[in-house]
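Single-structure report; data block below.
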Amino acid sequence: MNKSKLKTDFICIATSGYTVDGRQITAQELHEMAETYDPEHYTANLWPEHRRWFNMGQVIELKAEENEKGETQLFAIIAPNKELIEYNRAGQYLFTSIEITPNFRNSGKAYLSGLGVTDSPASVGTTELKFFNAEQKGSVCGEFIKVDFSAKEDVEEEKALRTLANVFKKLFSILRPNGKNEPNPNNNNHKEDHAMNDKQFAQLIEAVKGLDAKIDNHFSAKVETKEPENKPEEKKDEQPQSVTAEQFNQLLITVQALDKKFNELSQEQTTVPSGVPTVEKENVYSLNGYNIDLSKGF
């Protein structure tokens with residue numbers, strides 16, 4: 001027997017009188033079925049179109065009552081299973097049709113031996129089955145979120161561009177230390193200036209190498225990405241929204257050329273006449289191999 005907690009109230013499953021196909025249901029049969037029905041003794045199952053393939057629930061209780069027209073009606077409490085509920089939700093098996101055993105076990109009385117669920121009932125006045133509320137309140141629905149998998153590629157391109165910008169920022173900070181291209185008047189030791197430049201050049205080289213590796217990884221990952229088979233046709237008139245691999249390579253070549261030029265400049269030393277020791281003088285500075293004595297004026 002179905003142990004489901006879902007049970008209906010009393011619903012009308014038959015009305016005395018003639019059926020739509022010409023058969024007759026007597027009031028006495030309906031009263032006898034209400035009197036004799038015992039699900040512990042014999043359970044009337046719910047059968048789809050009266051076929052014994054699989055049941056769709058059970059009949060729990062019966063009662064018979066007279067209506068205003070003087071007709072006897074048989075009422076039942078039924079317990080549908082999930083299959084019947086799903087069919088009913090789809091608009092199927094909306095009514096019931098009783099199965100009467102006239103002389104049940106030689107008792108001389110009728111017994112409800114089964115109850116069909118159908119869309120074409122023979123008896124009139126049967127209650128339409130409805131196991132759910134079409135307008136249920138308090139339903140919880142998930143929010144639709146569009147996932148754009150191309151966003152990851154855009155983020156990678158943005159990171160590469162940001163890295164390139166940081167390299168040029170370091171480059172310009174070397175060209176203009178402290179925001180000005182002026183020597184430090186309190187520094188008479190040009191070797192210290194060269195040492196600082198070497199350190200800064202080393203930082204630039206590391207930054208360029210790191211950028212080179214990141215760009216290679218970035219575009220090699222894009223090459224390995226498989227394109228969808230049914231790729232939508234791209235519009236030729238649209239302008240590209242990101243930096244191409246060729247543009248990145250051109251920028252990288254430019255940075256490498258600057259790196260080479262700075263290496264050459266960093267290796268230049270102050271020209272000193274042969275055999276004459278270098279004498280440190282105040283207000284004398286070296287610029288690209290030339291000594292400038294600011295004390296003498298210009």
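Heads up, the Cβ atoms here are built off N, Cα and C, so glycines get one too.
What Swiss-Prot says about this protein:
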ACT_SITE  ASP21  active site
ACT_SITE  HIS50  active site
ACT_SITE  SER97  active site
REGION    223-243  region 'Disordered'
COMPBIAS  223-239  compositional bias 'Basic and acidic residues'
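SER97 (active site) sits 8 Å from HIS50 (active site), taking the Cα positions as reference. Mapped onto three states, the DSSP output places ASP21 (active site) in coil. Over all protein chains present, the Cβ of ASP21 (active site) has 8 other Cβ atoms lying within 10 Å. Here the CA atom of HIS50 (active site) lies 16 Å from the CA atom of ASP21 (active site).
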